[in-house]
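K.L.:
Annotations for this protein, taken from TrEMBL, read as follows:
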type	residues	note
TRANSMEM	B:35-54	transmembrane segment
TRANSMEM	B:74-94	transmembrane segment
TRANSMEM	B:115-142	transmembrane segment
TRANSMEM	B:162-181	transmembrane segment
TRANSMEM	B:188-206	transmembrane segment
TRANSMEM	B:240-259	transmembrane segment
TRANSMEM	B:271-293	transmembrane segment
Amino acid sequence: MSRAATVTRAELEAVRWGPVAAAALTAAGLVALDLTVWPRGPGSELTWLVAGLLGGSAALALDDPAATVTRAVPAGVRMRTAIRLGVAALVVVAWCGYAARVVAAVRADGGTVSWPALALVGLALVCAATGASAVLGAGAEPGAAVAGAAVLVALGLMVVPLPWSVAPYDVGSAGTRETVLWLGVAVLGVGGLVWGARDPQRR
Amino acid sequence: MTTVAVSPAPVAQVEERRVLWCLARYEALRLLRHPLFVVAALLFVLIAVTTPFSEYANADYDTAAHGTETNLDWPVLPAFFLGLGGLLAMNRITSSSGRAGDVVRSVPVPGPRRTLALCIACLVPAALALLGAAYVFVFWMVDPPVQSENWGEFSNAELVALMAQGVLAALGGSLLGVLVARWWRWPTAAAVTCVLLILWSVSSLAPDKNLLLTLNHVAAPFSLVASNGENYSWHMGGSLVWKAPYLLGLCGLAVIGACARDAEGQLRRRLVRAAWLVGGFTVACLLAGTVLGPDGFYSWDHR
């Protein structure tokens, strides 16, 4: 087995799959509800909770309870973070698929939803959650706190009136200022990831 | 002149009580320093202070006669910020004290007492919610919000019960955070609990056209009084006044459940008895709220 494969396998074995799966399965349950029996669905408030939970799931994948041991592994933090981000990539793919189903269902009902705008919301939340997790340090196991915060933020954006009449979940079209804001959140998240994945000695 | 002899509590009891309050103060300070709770509390205070002066509550605010806007949904703010924020923060605080097991166990205080101290700390978000509710309520009673849907349809007792719902949600959410951390030591537990709570609350907004739906509406830990669509407004059924003691009962059950985690022997038996008592009271309030309250009806319907 090549070195890269060995490192990847070892790193994936160090992921706390239980909590990651719990968040992802809860999100899957919400998706199933939203696409079937939920009266306001598809594309109801559950959609944004799914985004928050998927963000939390991706953040939990970065948790490294054995950080003191894994630091001695001959693979850099950046590489190990990149391997763990494979989970985040899967989460984003799942979100994009769900977004496509929501868009199709809403359009069939005569509504308008932009798939890129909807996909961007989930992507931004995943980027922000993983970025926050990376900045806080995987060894400190911030995944649980970040997952809770991601759900709270996803819900908060539905409940709290924002200044300048910003409607964060207005995904009717892609060319709005809300899209630009979500893009900004995604960029900030990626920035956090890049910073958090640096060698601790060089920070 | 009558002389009343007051026998002081035994020294051990006084000492135990002092330790409990000391621990509770310590846990309350930890909560007040928790970043998640600090942000949630600051946002709550900001929105609560500006609520009576918002454009929303202004008589000149241009809105449709039968709009979907209602000031009666104010309690959602303490429920969201202090309830869910408190749930996540208290869950983290309780979990972290659980992880420091060896150190904490060396402190000569039994587990249930430490849990009780955590539960007492949950009074912090409740107190904050109470202050916010009192502030907004006084404003609105003196100068009732003109644009409010349904505001005039409620008695003063119902309006007080409505505001109390926000306070009890802030208390109950935080207590649930402690309960979940005690029984379900899983990193995703708090987030999943939040989602389930939200699901339950949203499901309680379905127009309650039968008794089961009314039961769900009254039973939900937080629910609004009206279900508004674009073309209709459904005034939810069930009694608001009975809902307040029901929620208080749920809070009591959460405390008992959390303290029962490490309880043994006689204390455990006492907690089980208390759980039966409080559980019976809670179920009675729930049934009374469902059966004795008014039926749901359309405030207006333009479909």
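Cβ atoms are placed via backbone N, Cα and C, with glycine included.
Bear in mind that the values here come from a model prediction, so they are computed numbers and not experimental data.
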K.L.:
Below 8 Å between Cβ atoms, which of the listed ranges B:35-54, B:74-94, B:115-142, B:188-206, B:271-293 makes the most pairs with the transmembrane segment (B:162-181)?
P.N.:
B:74-94
K.L.:
With Cβ distances under 8 Å as the criterion, find the stretch in B:35-54, B:74-94, B:115-142, B:188-206, B:240-259 that has the most pairs with the transmembrane segment (B:271-293).
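P.N.:
It is B:240-259 that shares the most Cβ pairs under 8 Å with the transmembrane segment (B:271-293).
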K.L.:
Given the cut-off of 8 Å on Cβ pairs that are 6 or more apart in sequence, determine whether the transmembrane segment (B:188-206) and the transmembrane segment (B:74-94) share at least 3 such pairs.
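P.N.:
Contact between the transmembrane segment (B:74-94) and the transmembrane segment (B:188-206): present, because at least 3 Cβ pairs are under 8 Å.
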